[in-house]
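According to Swiss-Prot, the features are:
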- Thr62, Asn83: substrate binding site (BINDING)
- Ser126, Ser127, Thr212, His275: pyridoxal 5'-phosphate binding site (BINDING)
- Lys276: N6-(pyridoxal phosphate)lysine (MOD_RES)
- Lys446: N6-acetyllysine (MOD_RES)
- Lys453: N6-acetyllysine (MOD_RES)
- Lys464: N6-acetyllysine (MOD_RES)
Amino acid sequence: MDKKQVTDLRSELLDSRFGAKSISTIAESKRFPLHEMRDDVAFQIINDELYLDGNARQNLATFCQTWDDDNVHKLMDLSINKNWIDKEEYPQSAAIDLRCVNMVADLWHAPAPKNGQAVGTNTIGSSEACMLGGMAMKWRWRKRMEAAGKPTNKPNLVCGPVQICWHKFARYWDVELREIPMRPGQLFMDPKRMIEACDENTIGVVPTFGVTYTGNYEFPQPLHDALDKFQADTGIDIDMHIDAASGGFLAPFVAPDIVWDFRLPRVKSISASGHKFGLAPLGCGWVIWRDEEALPQELVFNVDYLGGQIGTFAINFSRPAGQVIAQYYEFLRLGREGYTKVQNASYQVAAYLADEIAKLGPYEFICTGRPDEGIPAVCFKLKDGEDPGYTLYDLSERLRLRGWQVPAFTLGGEATDIVVMRIMCRRGFEMDFAELLLEDYKASLKYLSDHPKLQGIAQQNSFKHT
């Protein structure tokens, strides 16, 4: 071994990570690295880069959970190498999955299953759950049309202002999306416009129980009743799928009198995010069908499980089982009582913010975060004809300088001239944290007032509604 090799070896063994040779070069980003490096150095490089991400706890744009207790981290670590799709190899994880399906079905008032096991599945998130619910709708509709001897080449789906996953579903599965556009004073699907869009080629109607733009509920019951009348008048029977990405784990606990779920006979399936208000870590969603008849069997694949067969219906395959296991932990840990307390706390924060922000400017509130109105979100716009000397984009940009990610964006459809600001209140965004946001909000308003030349220059460049 020559002197240089000895020096290099000594460096690798003894040098501190910030004195190591491998940290004195820029990390590879375009080509696969040629050489190995010390694990502590590789970790340090990546760890330092992650500091440039936003602080997840201050992200008030996301609907997703940004706080998990230590036990969730432990369970995720224990499950990192358990493959969710391998039911035979990990039977207890599979059993936990089935228990969660039963619990969610019970929460949403699904009819008691004939064999004791509810019909549903875990997914990577509510978007995959929507895809599966949409596929089942299309297959059921196609079967009915074929039985009636009618063509099946022009399916359509009727919805209000939906999350982009429904646009993807329509494109991927060749379905015409008839989206009822937002318009001033009418920001979600109403029965009249819904019925005008329906015909015998409608595979289903999809209300969003927690509209992503504003946080308001698109209440399913009036739409359901209108479809009953439509069937009585035309003979056309149309199913419903409820996209309850956020509301599915809120209303059962804080607004149980809202009839939105399987209590409505036309509702054949419901999807929701476990990793939003289900309180699970990222990567967990659920879709539940009313019964076995609502899920066409040709979409189900059977895999080995405990010496027998179990049906699976999913788009994704290999992924860790930790998210499902963590969801089960939250169900056991909190129960109905605990979920009610956690969700009520978020609504209390939303109500407090709405009351305080209303005092600070000429705002018109679209959602004030009341349990009977929608999810715990505060959404507002500047009142028509008012010019406070700043835009909501300016305000969003100033708050970002303090780490707060509070989006300002335009609405969709025929309301693209309306700019709103939306604040999501979730577990971990407690009252004291909300008070700190208000202090920075007031400081931002003062800064904009003191620097009028800076007003109106910020653009919608920090948030894209998807």
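Including glycine, each Cβ sits where the backbone N, Cα and C put it.
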Sorted by sequence, non-Ser126, Ser127, Thr212, His275 residues with Cβ within 8 Å of centre, pyridoxal 5'-phosphate: Phe63, Cys64, Gly125, Ala129, Cys130, Gln163, Cys165, Ala245, Ser246, Ser273, Lys276, Gly285
Thr62, Asn83, Ser126, Ser127, Thr212 as binding-site residues, winner by CB count within 10 A: Ser126
Neighbour tally for Lys276 (N6-(pyridoxal phosphate)lysine), based on other Cβ positions within 10 Å of its Cβ: 28
Under 8 Å by Cβ from His275 (pyridoxal 5'-phosphate binding site), counting only residues of that chain that are 6 or more apart: Cys64, Gln65, Gly125, Pro281, Leu282, Gly283, Cys284, Gly285, Gln323
Cα proximity to Lys446 (N6-acetyllysine), best match among binding-site residues Asn83, Ser126, Thr212: Thr212
Of Ser126, Ser127, Lys276, i.e. the recorded positions, those within 10 Å of Thr62 (substrate binding site) when Cα atoms are compared: Lys276
Other CB atoms within 10 A, centred on Lys446 (N6-acetyllysine): 11
Maximum Cα-Cα separation in Å among residues Ser126, Ser127, Thr212, His275, which the record lists as binding pyridoxal 5'-phosphate: 15
Asn83 (substrate binding site): secondary structure state under DSSP, collapsed to three categories: strand
Cα distance (Å, whole number) from Asn83 (substrate binding site) to Thr212 (pyridoxal 5'-phosphate binding site): 31
Distance [Cα-Cα, Å, rounded] between Lys276 (N6-(pyridoxal phosphate)lysine) and Ser126 (pyridoxal 5'-phosphate binding site): 9
Inter-residue Cα distance where the pair is Ser126 (pyridoxal 5'-phosphate binding site) and Asn83 (substrate binding site), in Å: 20
